[in-house]
Amino acid sequence: MSEKGSSAKVALSRPCVLVIVMAGVERFANKGVGSNLVTYLTGVVGMSTAAAAKSVVTWTGVSFILPLLSSILTDSYWDRYSTLAASSLLYVLGMVSLTVWALLRPRMPRPTLFIPLYLMAFGQGGYQPTLQAFGADQLGIGDDDAEPGLTAEEKGKVKSLFFQWWYFGICSGSLLGNSIMSYVQDNFGWVLGFAIPSGVMALSVAAFFCCTPLYRETQPKGASSKPLSPSGICKVLKSILAGRKTSLQSQDDNGDTMSELELQEKPLKAEPADAQGGPDEAAPSVAKVILGLLPIWAILLIFAVIFQQPMTFFTKQGMLMDHTVGRGAFVIPPAMLQSSITVSIILLVPMYDRVIIPLINAVTRGSDGITVLQRIGVGMVLSVVAMVIAALVESWRLRVSAASEGAARLKIFWLLPQYVLLGVSDVFTVVGMQEFFYTQVPASMKTISIGLYLSVFGVGGFLGALLITVLEVATARPGNSKGWFSDDPREAHLDNYYWFLALLCFISFVIFTHLCKFYSGKNASGK
């Protein structure tokens with residue numbers, strides 16, 4: 001086959017390109033709302049810093065834990081197109097409702113704000129885990145109706161091309177959402193700042209429906225051809241909790257299904273061929289596998305709490321600093337600094353295999369790089385360092401403010417090191433978490449592995465809200481009922497909170513190093 005003919009075949013179909021664009025638009029819309037939400041809640045809605053932070057992390061937690069349910073039901077009983085159709089409409093409804101709420105805010109009760117936010121969360125719960133699998137379906141690799149004449153090498157190139165562009169799409173969408181929309185919201189108003197993501201998301205969903213005739217219809221193997229009733233859903237959940245063997249298909253029988261968290265992911269490794277035995281061959285129960293992974297899952301929750309800081313207290317910290325450039329000619333929205341996380345990930349991911357691993361091999365005089373668990377551990381250590389730096393910067397900010405009686409403020413750029421370090425830690429820990437959970441379960445339970453991985457951040461959001469509530473009560477004193485999270489910058493002590501998180505993460509890392517010896521290869525139950 002000529003080189004010209006080969007290159008012509010290794011290309012993405014129009015449905016695949018559309019799905020990649022939709023993924024980028026979804027990240028743009030989600031980040032366009034979520035990255036600056038704490039600013040809206042405190043500055044416009046009138047919530048306290050602690051209440052706003054708890055609201056944001058709880059909302060984020062729900063968004064991440066819902067895929068655990070939706071991905072199981074989608075792959076086992078529903079088809080992906082129908083799930084995408086329903087969840088996308090719910091997503092757009094939530095975003096449009098949020099825009100309307102912002103427009104009518106003076107006449108709207110404050111609690112009603114959470115109705116559109118949680119409509120978005122429920123829509124995202126079905127949309128996010130299904131979209132990438134649906135896009136992979138459009139490749140037609142391995143199906144009976146796959147493109148004729150493709151060799152195994154060309155199929156691999158098509159898969160690689162899809163996931164590379166997928167990653168580029170979500171990174172680009174997140175970067176634009178973090179930077180452009182936070183600037184629009186801070187300078188041109190929140191109604192416009194919510195309307196733009198809503199409009200763009202609505203256009204992408206409209207394009208999805210318009211292209212319906214082009215899609216390759218794929219029913220997950222083992223999925224029921226009939227819609228699952230509510231009683232059937234309850235039966236499945238009871239089977240899972242009771243530990244009975246439940247057949248749950250992965251999103252891609254070839255082991256190529258990926259998941260995406262915010263933008264801190266890259267495609268997982270394909271499952272080794274020797275790991276793809278018969279689905280019923282000594283298959284452990286769902287409950288047994290989950291219990292085997294529970295210790296690592298639980299110890300990573302503190303990392304998930306730290307993962308939420310850029311959207312909450314880091315942004316609030318930036319609001320108390322000097323974020324002007326050129327003698328006030330340009331005002332930098334504090335939420336825009338979250339873009340530095342995106343940029344650090346985009347730059348580091350290509351360097352990981354080409355620079356970091358060869359460097360590690362040179363130092364250790366080995367050839368295997370680092371294991372998945374070591375990769376997670378490195379990210380945990382970096383997150384500890386990030387929180388230590390955040391605490392030191394906040395302590396410095398408090399001293400400067402106190403010495404000048406609030407007249408002098410640190411430049412917001414002093415926050416960049418903690419943002420960048422968290423971005424680097426994500427490349428290690430988040431990608432390592434995906435690979436760990438993905439390789440520790442049998443082939444018939446890959447969907448559950450994705451749900452477990454995402455649920456770490458969901459439960460981590462709830463844990464973060466609980467920590468804020470407990471510390472708010474524990475550190476309160478007469479005249480300062482909010483303690484460390486006081487709305488008065490002179491009384492607040494976010495530095496103490498950062499030190500507390502650094503300590504918790506360090507303790508988690510120590511326990512994690514002990515647990516690692518019980519996990520080896522594909523044995524999820526430990527040695």
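Yeah, the Cβs are placed from backbone N, Cα and C, and that goes for glycine too.
Unlike curated entries, TrEMBL annotations are predicted automatically.
Some features that TrEMBL has for this protein:
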TRANSMEM  56-78  transmembrane segment
TRANSMEM  84-104  transmembrane segment
TRANSMEM  165-184  transmembrane segment
TRANSMEM  190-215  transmembrane segment
TRANSMEM  289-308  transmembrane segment
TRANSMEM  328-352  transmembrane segment
TRANSMEM  372-392  transmembrane segment
TRANSMEM  412-431  transmembrane segment
TRANSMEM  452-477  transmembrane segment
TRANSMEM  497-519  transmembrane segment
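The list of residues near the transmembrane segment (497-519) in space but at least 6 beyond its ends in sequence, with Cβ under 8 angstroms from a Cβ of it, reads 295-296, 299-300, 302-303, 305-306, 309, 313, 373, 376-377, 380-381, 383-384, 387-388, 390-391, 394, 436, 440, 471, 484-485, 526-527.
The recorded stretches the transmembrane segment (372-392) and the transmembrane segment (165-184) do not share 3+ CB pairs below 8 A when only pairs 6 or more apart in sequence are counted, and are therefore not in contact. The transmembrane segment (452-477) shares the most Cβ pairs under 8 Å with 289-308, out of the stretches 84-104, 165-184, 190-215, 289-308, 328-352. Counting residues 6+ beyond its ends, the transmembrane segment (165-184) has Cβ neighbours under 8 Å at 12, 17, 20-21, 23-33, 35-36, 39, 132, 135, 192-193, 196-197, 258, 260, 262-263, 265-267, 333-336, 338-339, 342-343, 345-346, 349 in the same chain. Against the transmembrane segment (190-215), the recorded stretches 84-104, 289-308, 328-352, 412-431 differ in Cβ pairs under 8 Å, and the greatest number is found for 84-104.
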